Amino acid sequence: MTNTVKLTEFINDNSNLRVLQGQECVAGKEITVSDVYRPGLELSGYFDFYPADRVQLLGRTEISYAARLDHDLRRKVFEKICQKETPCLLVSRNLPVPVELKEAAEAAGTPILISNDATTYLMSMITQYLAVKLAERSSVHGVLVEVFGMGVLLTGESGVGKSETALALVQHGHRLIADDRVDVYQRDHETVVGEAPRILKHLMEIRGIGIIDVLKLFGIGAIKDETEISLVINLTNWDSKANYDRLGFQENTRIICGIAVTQVTIPVKVGRNMENIVEVAVMNFRAKAMGFDAAKTFDENLTSLIAENSEEEKRG
């Protein structure tokens, strides 16, 4: 199913936009493409490959060029620009809208929006907004928290202690984004973002207590609507026979929305302070990203020590 954004929602979410003409047509319009188009060649009469299903943005360049056209040509061009599938026309900088454009838009049932903002700003702002709104979303089982400003997805089998660990992290001053189910989407080629489903927003389930409202119990500083997922921490029940990473050389990843995210596995055992371990895991991940790798330093020091001992044995 293709995601859509109703034009009414688009206008309400962006206070810098207002309807100049065609208010009665707004409710029936939907946006299905995140790209915004500036009709340039179309003003000269070239309409091959014209993407009529996009938001059409007209700035100072387009309006001034159209003003140089004769009346009949200007009318024909605007009639072709305004198609039934066109969600809306948007004019920047509060520029005067040509009469021919108003007539063509009215005939096609295309609303005209206007904004005081610059064209390039509107292009960037709208593209980013629509990219998020129209992104394909999927769900993963886990708890998403923000620790030291970094999005951490806690995963593991049911009952392993994900929610309890997240609650302890919130009490340490960190933030909850989503509990139990995390909706994820790809923001760009390198970024995956997680958020809570609307029905679960700010809520957490703690076994033995039930559903709690983190916002009301801990305040606005304890929650966040969404965050980029930078690290996955997989919590597993302690297995004495398992071969856990003791030095930190293993680098594993988990694919989320087609993006590889670093994953570490932490065994859960009675007596282990999981929130502190998660905090250390995040700090260690950030340190590695900055070029400080304790495991690598240890390996280099060990190799150097072995080499020195070998030289001493040869001399002895």
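Here the Cβ of each residue, glycine as well, is placed from N, Cα and C on the backbone.
The Cβ of HIS141 (active site) has 13 neighbouring Cβ atoms from other residues within 10 Å, across all protein chains displayed. As annotated by Swiss-Prot, active site applies to HIS141 (among others).
Sequence annotations record features per position, and here Swiss-Prot assigns active site to LYS162 (among others) based on sequence analysis. Taking all protein chains in view, 25 other C-beta atoms sit within 10 angstroms of the C-beta of LYS162 (active site).
The annotation active site, proton acceptor is assigned in Swiss-Prot to ASP180 on the grounds of sequence analysis. When secondary structure is read from DSSP and collapsed to three states, ASP180 (active site, proton acceptor) falls in the coil class. Its Cβ placed at the centre, ASP180 (active site, proton acceptor) has 17 other Cβ atoms within 10 Å.
Summarising the annotation, Swiss-Prot assigns active site to ARG246 (among others) and lists sequence analysis as the type of evidence.
The annotation ATP binding site is assigned in Swiss-Prot to GLY156, GLU157, SER158, GLY159, VAL160, GLY161, LYS162, SER163. All chains included, 21 other C-beta atoms sit within 10 angstroms of the C-beta of SER163 (ATP binding site).
The Mg(2+) binding site feature in Swiss-Prot is assigned to SER163, GLU205. In the three-state DSSP classification, SER163 (ATP binding site) falls within a helix.
For the region 'Important for the catalytic mechanism of dephosphorylation' (267-272), the DSSP-based tally of helix, strand and coil residues reads 0 helix, 2 strand, 4 coil. Here Swiss-Prot flags 267-272 as region 'Important for the catalytic mechanism of dephosphorylation'.
Surrounding the centroid of the Cβ atoms of GLY156, GLU157, SER158, GLY159, VAL160, GLY161, LYS162, SER163, where the record places ATP, the chain contributes additional residues within 8 Å, namely LEU235. For GLY161 (ATP binding site), the count of additional Cβ atoms within 10 Å of its Cβ stands at 19 [all protein chains shown]. Annotation for the binding-site residues GLY156, GLY159: lowest Cβ count within 10 Å of the residue's own Cβ, GLY159. Mean pLDDT of the predicted structure over the region 'Important for the catalytic mechanism of dephosphorylation' (267-272): 83.
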